[in-house]
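Some notes on the structure that comes next.
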Number of protein chains: 2
Amino acid sequence: MPLGEIPGDKSDSRYCGVETQFNDDMPQLLALNINGGFDFVVASLMDPAYRPSLMDNDSSRSGVLPFAGSDLVLSPLQWSSHVVGKISSWIDLDSEDEILRKGSEIALKQEVAWASHLSLQACLLPTPKGESCANYARCVNQILQDLNNNMQLWLRIPLEKSDDDAICGSSDNLGGGQIDSWELWNSFRLLCEHHSQLSIALDVLSSLPSANSLGRWFGESVRAAIIHTNAFLTNARGYPCLSKRHQKLITAFFNHSIQIVVSGKAVHNLPVGSSELADNHTDNHVDGLPIHPLRSYLDYVGYLYQRLGPLPEQERFELGYRDFLQSPLQPLMDNLEAQTYETFEKDTVKYIQYQRAICKALLDRIPDEKASSVTTVLMVVGAGRGPLVRASLQAAEETGRKLRVYAVEKNPNAVVTLHSLVKLEGWEDIVTIVSSDMRCWDAPEKADILVSELLGSFGDNELSPECLDGAQRFLKQEGISIPSSYTSFIQPVTAAKLFNDVKSHKDLVHFETAYVVKLHRVARLAPCQPVFTFTHPEYSNKKNNQRYKKLKFEIPSDTGSAMVHGFAGYFDATLYKDVHLGIEPSTATPNMFSWFPIFFPLRTPVCLQPGSPLEVHLWRSCGATKVWYEWCVTSPIASAIHNCNGRSYWVGL
Amino acid sequence: MPLGEIPGDKSDSRYCGVETQFNDDMPQLLALNINGGFDFVVASLMDPAYRPSLMDNDSSRSGVLPFAGSDLVLSPLQWSSHVVGKISSWIDLDSEDEILRKGSEIALKQEVAWASHLSLQACLLPTPKGESCANYARCVNQILQDLNNNMQLWLRIPLEKSDDDAICGSSDNLGGGQIDSWELWNSFRLLCEHHSQLSIALDVLSSLPSANSLGRWFGESVRAAIIHTNAFLTNARGYPCLSKRHQKLITAFFNHSIQIVVSGKAVHNLPVGSSELADNHTDNHVDGLPIHPLRSYLDYVGYLYQRLGPLPEQERFELGYRDFLQSPLQPLMDNLEAQTYETFEKDTVKYIQYQRAICKALLDRIPDEKASSVTTVLMVVGAGRGPLVRASLQAAEETGRKLRVYAVEKNPNAVVTLHSLVKLEGWEDIVTIVSSDMRCWDAPEKADILVSELLGSFGDNELSPECLDGAQRFLKQEGISIPSSYTSFIQPVTAAKLFNDVKSHKDLVHFETAYVVKLHRVARLAPCQPVFTFTHPEYSNKKNNQRYKKLKFEIPSDTGSAMVHGFAGYFDATLYKDVHLGIEPSTATPNMFSWFPIFFPLRTPVCLQPGSPLEVHLWRSCGATKVWYEWCVTSPIASAIHNCNGRSYWVGL
């Protein structure tokens, strides 16, 4: 049964599995473990003693099936929902022994084919052995080409691989005599071209690598974490528990929809029938059935799961958007729909920040003694359905300043709603509605304050600079723009899921597009760095909205090697003086949901070795009818320049 | 005028250019240099003092053209055949100075556009300055997208770049305080995605890097070599000459269709009017015109050119095949055409080797005393139009042994010719013609000797193993197969031209196909290593034609970094005992032309740093209806596995 019910969590991490010994009585094996409280078993499908015959060339035709069981012993539903097939761990496709190598290939293909016949959801592939994994990867890659779409292959990878085991690919030692098992995975998946049905089952043992090293896995396709009983500590009452670091890791697994599998023998001797945390489960036990020997471990995992607590409302709202690539809005070329306005207007945090900024600007501009005599001209450019008009009027009321408002909006549909709002609120004397593009409006007077919300996830990517350049004509020389400046930021990320989604389109265009996306299964490899800054108003005669920035990122040395699939982008805007608004993680405005980050993919992921910096270049280019970004990497190795001349992705003027 | 006429050489390297100072009288400049013996000038199109205005935002619309000359001063033919446009050398797109950077971009785009308007064949781009070349490359990449197809951009790269200059991209020093200018090029072209209109003009100075370092350029798209006058030595009579190493390099340039450009001031003071090597040219001088100050350098270059001598017949024959990708034959699935037989039968060297092998086998098998009593049964499997039948009969005659020959051929068209040959030569009593596939022929008796020529460029790639497995049934237990074994070989190569040709198809299939190709513009980065070996006859019951090989290549340390675009493949066959036949470069059979090498491309070229080995894996896989190769790289970084399941390229059984 599931570990618990957490409101909002519908992910697979509710289900907990158990790794079992081979047992040719599958119904019994399953009953034992399901009755014992587990949701699924990770079970060998083939007797470990079986070896396919190599001598008899006809074995593939006349040979018997590799094990005694029949598919009829379980129902199709039982097979597919309760069994993960464990591929024989003796197989070694990179052995120096050619006979073993060939036997391994036959066994691997036979077992996966059988698992596929049973419609299992996943097979667990043994950890690569030996110095190389190329032949193993070649064989798995062949299998993946024709694999039933519903089946995943979980490659078993230990979080830490000891020095004794040889590993595949480049083998830079990390400090402390450990070999980086992530590199093993990285070689394997590169050989298999990031195949979307190849994923990871992590072996969690008693010692853990550094937090930065662990962090990389959250950008990878990890489906399961196999926790060994000897990774557990013993609490004061003799029951299993986990170290703080392990607890934090398991919690992170839950948050990333990674399923837990308990493995190994019970190493805590508990009085039979007692189960400290699971008293409430006792009624569920079928009479006469013994308690599962790993029950206390399962109960502890369940305790950690239930401790998560319900998802906050914002996260629940964003759940469906996690790692889902969206094309950025084209608000200049397209008119937004009512639904889009509706969503953004609900972001009260954002409008509170605007109201604070407008208040400060009004107070700075109009001393108390002139509050009743001077009227401030405030123009909302891009007024939409009026939320900034409301915020402005509330600021005027709060500060006791007099206001004359122009609400300029190019979308004629939004203007309809604006008129109705003004009438409803009785603002007719204060607010003038202008149905026009701010870039060509001929204003009847100049403004003291220009208020706009034209920012995209990457700051300038919805052409705020170009729009405000156009609107600047009707701002007084010493007038204020809210926002007064904004800066974009990027950081390199591992994001195997996003990379695969981009790749699935099989074209260049999608690899040269920036996407708006709620980043979740992502490893942030280095702190953000600022990219482009725009300031408003800007009266310099050398004014130009083209930009070029070169950045150098250093990955923390205890991360190990890492894969960069692209860059996460954010912005931070100074609305007025100390009032800011933004999504850059280290300074993000809390509880604001109007912007997800942006993602710039790389056509070829870049592998970083420890100590070698990542050098990135970004350009913002402007043409007669469009604005676009180009980007590339020059170190450790030069990539192609992405989106040359805006051929794939651009924002229309 | 051309440097000379070499029979068979129709390449551009006959033409020699000269780099000139800016002169706004282009007709005079051209007359002076063409009359002086050069074929073209490399000339600035814009006054070096000119700087595009940055302050005036409207300059692009109202500004005057950047220099005084008009396109009318020369005829279109003069412009296109005699002028290479030299882009202003002051431009620096990666300067820290933003004004200089933006001015450089405007100037670069203006000058290339003007050169394109003049239909010039090439522009010479200045060497990248500064620590980075990314912005320069971004701008050139933008230009390349819309560039007239007939124009090349030659990026000027010094063969050696001194430590004083900063360079772009990673900057591992090579021994001796030199920076590797090849890395500069490599970054630039990766940023521009190997664009086929981006090529190289090499600056040749007085010192040269190591031979291995130089060798890399012959796999790149080098169009011109600019030899500076101060790279010349002075001979005993005061005339310019070049060091032995320089001479060898220039000769290699000629062999690779690279044009020479002479640059710099005359640094050898010769008596006016004298020209040691060019006495024969004196008549060509127009009266009153002074001899060109660089004439003696041109004459020396002409002397080196003429010293090349005529091309050997085989090379002349192969000229049209150089670096031209061909799909390998499918001799099992397709029947060869008469023309193909015709070509291969002309390869007398090959048949001489076969005859030698058959002689030795006959002598070993039949002692002199039995020569007249015992008849040897020899079967030619895959007899084609009969060349091996002839070689066998000649061997019998040479050794005085008696022979009975079966000529087995599956192509019914070739069988027609075989019958006519046998009749013509009067071989009816000795030769039996069998029109059948050797894999299913029911032989009336067993053979002493089985002779075949089923080898492809990569040895087993035309399925000789599978065919001979089928034929082995009718070989006596102690019988001889000629060939008795064969081995394939590979080596990593730089081959920008081949890579680009593969890339131009814009699909996966072409990147996962092995090609037969006369390798010419290729840098061989390491000695060959053996891959797969097949031995005939093979009676082992574990017999299997699947193969797997892992290879590790070390690039010589004085090469520097290098780019691997793929692998050149070869074979060597042991016909009988010490008689071999092959194309592996270190042991190749001289003057044999039946096989060009094979080329296995890499989808993503791999950049090797000095000291880091290249690890490669190759598989030969066999299915029910086809045989195919898969290949990948696992170090320095894992590539995709190419041609999984033979999805792109296979040989039909």
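Keep in mind that glycine also has a Cβ here, set from the backbone N, Cα and C atoms.
Note that the structure is predicted; figures quoted are calculated from it, not measured.
The feature domain 'PRMT5 TIM barrel' is assigned by TrEMBL to B:37-307.
Taken from TrEMBL, the feature domain 'PRMT5 arginine-N-methyltransferase' covers B:313-482.
Of all Cβ atoms in the protein chains displayed, 18 besides its own lie within 10 Å of the Cβ of B:Tyr341 (S-adenosyl-L-methionine binding site). What TrEMBL lists as S-adenosyl-L-methionine binding site is B:Tyr341, B:Lys350, B:Tyr351, B:Glu409, B:Asp437, B:Met438.
Counting Cβ atoms from all protein chains shown, B:Phe344 (site 'Critical for specifying symmetric addition of methyl groups') has 18 others lying within 10 Å of its own Cβ. The secondary structure of B:Phe344 (site 'Critical for specifying symmetric addition of methyl groups'), as reduced to three states from DSSP, is helical. Look at TrEMBL and you will find B:Phe344 tagged as site 'Critical for specifying symmetric addition of methyl groups'.
What TrEMBL records for B:Glu453 (among others) is active site, proton donor/acceptor. In the three-state DSSP assignment, the secondary structure recorded for B:Glu453 (active site, proton donor/acceptor) is coil.
There are 22 other CB atoms within 10 A of the CB of B:Glu462 (active site, proton donor/acceptor), with all protein chains counted. Annotated active site, proton donor/acceptor per TrEMBL: B:Glu462 (among others), in sequence order.
Look at TrEMBL and you will find B:485-651 tagged as domain 'PRMT5 oligomerisation'.
Most Cβ neighbours within 10 Å among the recorded positions B:Asp437, B:Glu453: this distinction goes to B:Glu453. Each residue contributes its Cα atom, and for B:Glu462 (active site, proton donor/acceptor) and B:Glu453 (active site, proton donor/acceptor) these two points are 10 Å apart. Around B:Lys350 (S-adenosyl-L-methionine binding site), the same-chain residues six or more apart in sequence whose CB sits under 8 Å from its CB are B:Phe344, B:Glu453, B:Leu581, B:Thr589, B:Met592, B:Ser594, listed in sequence order.
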